[in-house]
Amino acid sequence: MASLKLSFYVDKSWESKKLNFTVKALNFSESKCLFPSFLGCGYVGGAFVVNPFCNLKHIRVSRLETEELETSELSLDGERVDNFEGDLGNESLVSERLNLGGVSQKGKFNVWKRFRRVKRVAKDSKYRSSFRKEDRNHGMQEKTKVLFDEISDENVIGSPNGVDFDVGNIGSDSSLEHCNAILKQLESGDDGKALSFFGWMQKNGKLKQNVTAYNLILRVLGRRGDWDGAEAMIKEMTLESGCELTYQIFNTLIYACHKKGLVELGAKWFHMMLENGVQPNIATFGMLMALYQKGWNVEEAEFTFSKMRSLKIMCQSAYSAMLTIYTRMRLYDKAEEIIGFLREDEVVLNFENWLVLLNAYCQQGKLTEAEQVLASMKQSGFLPNIVAYNTLITGYGKISNMRAAQCLFGDLKRVGVEPDETTYRSMIEGWGRADNYEEARRYYVELKRIGHKPNSSNLYTMLNLQVKHGDEEDVVRTVEEMMHSGSEKSTVLGIILQAYEKLERIHKVPSILRGSLYDHVLRNQISCSSLVMAYVENNMIDDALKVLREKRWEDALFEDNLYHLLICSCKDFGYPENAVKVFTCMPKSYKPNLHIICTMIDIYSTINNFAEAEKLYLMLKNSDVKLDMITFSVVVRMYVKSGALEEACSVLDAMEKQKNIVPDTYLLRDMLRIYQRCDKQDKLADLYYKLVKRGVIWDQEMYSCVINCCARALPVDELSRLFDEMLKHGFLPNTVTFNVMLDVYGKSRLFKRAREVFSMAKKRGLADVISYNTLIAAYGRSKDFKNMSSTVKKMHFNGFSVSLEAYNCMLDAYGKEGQMEKFRNILQRLKESGHSSDHYTYNIMINIYGELGWIEEVADVLTELKESGIGPDLCSYNTLIKAYGIAGMVESAVDLVKEMRKNGIEPDRVTYANLINALRKNDMFLEAVKWSLWMKQIGL
């Protein structure tokens with residue numbers, strides 16, 4: 001807290017002695033032992049709760065928190081507010097925002113009939129005022145006696161069934177004092193008769209400027225919770241009866257809100273009070289701040305406190321309440337401001353103020369300042385009590401300074417103060433926080449020895465210490481105590497799991513769960529699920545399955561959901577084998593659970609057990625269960641991962657037949673990739689146009705995927721439009737997309753667009769070796785040798801070594817054009833570059849030499865190919881057969897087919913086509929026909 005020089009004043013009863021002290025280094029006189037916590041306040045969860053209207057009482061301290069006390073009688077600064085006397089000037093009140101200062105409505109209001117059945121408000125809520133206009137054309141009748149019907153709350157004049165209230169006659173000529181006296185009697189005894197008599201007074205003109213009567217009836221309405229009626233009554237006071245609104249009127253309603261704990265409603269009455277120009281008194285602020293403290297309403301408390309100070313009203317309990325609220329909400333800087341206001345406003349500190357100030361420091365762990373506050377408190381004449389000691393002990397415990405707490409505990413009897421149960425509880429908590437099991441256990445045993453029961457916080461502290469120190473038998477005893485003390489078994493189980501999980505000793509839990517607690521786990525599905533989830537998370541799958549086998553609750557839907565959660569948890573925690581165990585132990589069901597089966601297909605795919613995954617899919621397929629989009633996605637990815645692309649396509653076909661399935665973005669991209677890999681160009685085109693028609697949201701990933709996969713399926717104009725649209729929407733293509741567009745434009749001989757795309761990629765640093773190779777190949781196919789050579793030079797100049805692919809492109813281009821000198825040149829440069837020739841290189845050489853009929857060179861290349869270790873591939877054999885056919889070596893061509901099969905390479909349609917062409921060229925038509933028939937027979 002900031003250093004403040006405070007000057008506090010004490011009452012004359014304490015010799016009006018002025019004390020100067022600083023609130024950081026508060027210049028209190030030195031004192032060894034100090035004592036805080038105040039009467040009407042206590043500790044609950046770390047914050048100090050103040051009841052500014054309570055009588056002096058001892059309160060219990062538990063875990064640095066305060067307990068709010070219920071009081072049967074309220075008093076504020078010496079003014080009684082539980083009984084209304086005279087003009088009720090001593091009542092404290094709160095307000096509801098309502099503008100009564102606006103334009104008044106014409107006509108009059110009759111609010112009496114509505115009181116026969118008064119609404120009650122059980123909760124604090126924002127209500128709407130409802131003023132109902134009613135004609136009041138009932139003539140006033142002369143009466144000699146007022147009788148009250150016992151059956152209804154209406155007043156009945158001269159009714160033979162009525163009950164005579166007053167001995168004397170009460171008529172229209174009765175005095176206001178007499179009527180008010182009767183109303184006061186009725187108000188304290190019977191709300192219904194009070195309302196009826198008030199209605200009689202209204203009809204007989206007894207309410208003109210009669211503030212007392214209105215005040216009494218507002219008490220009735222406040223008790224009954226008829227806030228709309230109270231609002232209407234206040235309006236009637238000013239519009240019909242000519243009464244001046246005073247703080248007593250609003251205090252009455254605020255007091256009712258205070259008793260019921262209606263925070264927002266009380267605040268609204270206060271705002272209405274201010275809007276009508278009524279100045280609150282000290283009681284108003286006292287009750288309001290107590291109400292806000294009860295509801296922890298910081299915003300309204302700040303507004304009310306600020307208003308109090310601006311009006312120069314000094315309510316001691318309001319300062320305490322504001323400081324308590326800030327302390328409880330851990331707004332310590334603002335709490336410091338309130339301490340500054342105590343000095344600035346020269347507040348005469350009472351016992352409550354001192355204790356709240358002391359508590360504010362203890363809650364922050366600033367025990368030095370707390371000791372200084374206590375020293376000044378003693379100088380002011382306030383003697384310490386056990387509450388003060390408990391507060392300091394709790395504060396020391398919070399900062400784990402148990403040496404000071406122990407010293408303070410030892411000094412209690414020396415100063416004539418006996419420790420109470422709260423003292424022992426605070427010591428237990430302090431030693432627990434200091435992780436001293438032996439000392440905590442000693443005070444725990446002593447607390448029980450003197451006849452007190454440990455509270456839930458003590459039990460929780462001891463349980464955590466016992467778990468940490470491995471005292472399993474004591475853990476069992478503490479658990480039994482927790483259950484005997486009334487703690488819910490589910491709560492106890494949660495505490496046990498939390499304690500053991502924190503120390504990573506969850507494997508100890510099975511030995512702890514015994515008797516009634518374990519029986520509760522088996523019978524309660526929530527506790528059962530919590531326990532098995534904890535086991536699964538810690539890889540204790542056998543223990544989890546044991547609990548599931550022994551459970552005694554029946555709920556098929558909940559059980560399915562639990563098993564699904566366990567399976568997903570096993571997967572998420574990296575235990576797929578445990579998920580398989582859980583799935584295997586599931587109760588058999590006549591109808592498979594789609595979500596569980598889907599998850600298991602995904603898990604089996606993860607561990608590459610595709611056979612089991614496919615079995616589950618086929619089971620679903622053959623059942624009556626309709627697959628959803630997620631299941632189709634999982635199955636498709638399972639087949640893709642296993643390499644079964646055709647099966648993946650069949651799943652997609654089955655999905656298309658279910659008209660209600662709408663693939664999401666991820667599945668759509670998977671479909672595009674699968675169709676591309678399966679070379680299903682028609683499927684790709686159909687899917688693309690469906691995407692366009694459906695109005696799918698296109699992001700960068702979707703644009704890239706469509707362009708990359710549909711490059712061969714769509715016309716170049718459509719691809720170009722899509723690429724331009726992608727750029728227009730601000731999406732940056734990746735390197736693959738740039739290269740695809742280079743290839744598309746190159747094959748379409750759109751070299752201007754190709755150069756634009758290449759330049760764009762280069763500027764963005766996305767041009768790679770493949771980009772150069774693609775452009776070189778495009779120029780080579782178009783026999784644009786100048787640009788091809790230029791691109792190769794640029795490739796080398798820009799730091800890229802000329803790749804094998806580039807050499808292959810140049811070899812193919814020069815060879816097919818018959819420029820054999822340049823072909824040999826490139827071949828020599830390839831050898832000098834250090835690149836090893838690949839299948840594509842050898843196949844180009846075989847093809848070029850074969851086309852020229854250079855069979856010796858073909859034989860040399862084949863020998864080199866075999867000696868390189870990579871051997872001929874399908875393309876190599878096909879090219880060789882073609883070359884042998886051109887050279888008239890038909891038998892060698894036929895032998896190549898046999899060699900292919902021997903080497904495990906299955907001939908394709910091109911193989912047989914080349915062989916048949918070779919036979920025909922060499923006039924072996926009969927053999928050609930035989931091979932042609934063989935092709936048809938094998939389906940080629």
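Glycine too: its Cβ is placed from the backbone N, Cα and C atoms.
Per TrEMBL, domain 'PROP1-like PPR' is recorded for 213-366. Feature annotation from TrEMBL assigns repeat 'PPR' to 210-245, 246-280, 350-384, 385-419, 420-454, 628-662, 699-733, 734-768, 803-837, 838-872, 873-907.
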State the residues, same chain only, that lie 6 or more residues beyond the ends of the repeat 'PPR' (628-662) and have a CB under 8 A from a CB inside it; answer 'none' if no residue qualifies.
594, 597-598, 601-602, 604-605, 608, 610, 613-614, 617, 620-621, 670-671, 674-675, 677-678, 680, 683
As a quick check of your reading of DSSP, tell me how many residues in the repeat 'PPR' (385-419) are helical, how many are strand and how many are coil.
23 helix, 0 strand, 12 coil
Take the repeat 'PPR' (734-768) and find every residue of the same chain, 6 or more past its ends, with a Cβ under 8 Å from one of its Cβ atoms.
703-704, 707-708, 711, 716, 719-720, 723, 774-775, 777-779, 781-782, 784, 787
Averaged over the repeat 'PPR' (420-454), what pLDDT does the predicted model reach?
92
Go ahead and report the DSSP secondary structure tallies for the repeat 'PPR' (699-733): helix first, then strand, then coil.
23 helix, 0 strand, 12 coil
Restricting to the same chain and to residues at least six past its boundaries, which positions have a Cβ under 8 Å from a Cβ of the repeat 'PPR' (803-837)?
769-770, 772-773, 776-777, 779-781, 783, 785, 788, 792, 795, 844-845, 847-848, 852, 868
Residue distribution over DSSP helix, strand and coil in the repeat 'PPR' (838-872):
27 helix, 0 strand, 8 coil
Give the residue counts of the repeat 'PPR' (420-454) per reduced DSSP state, in the order helix, strand, coil.
26 helix, 0 strand, 9 coil
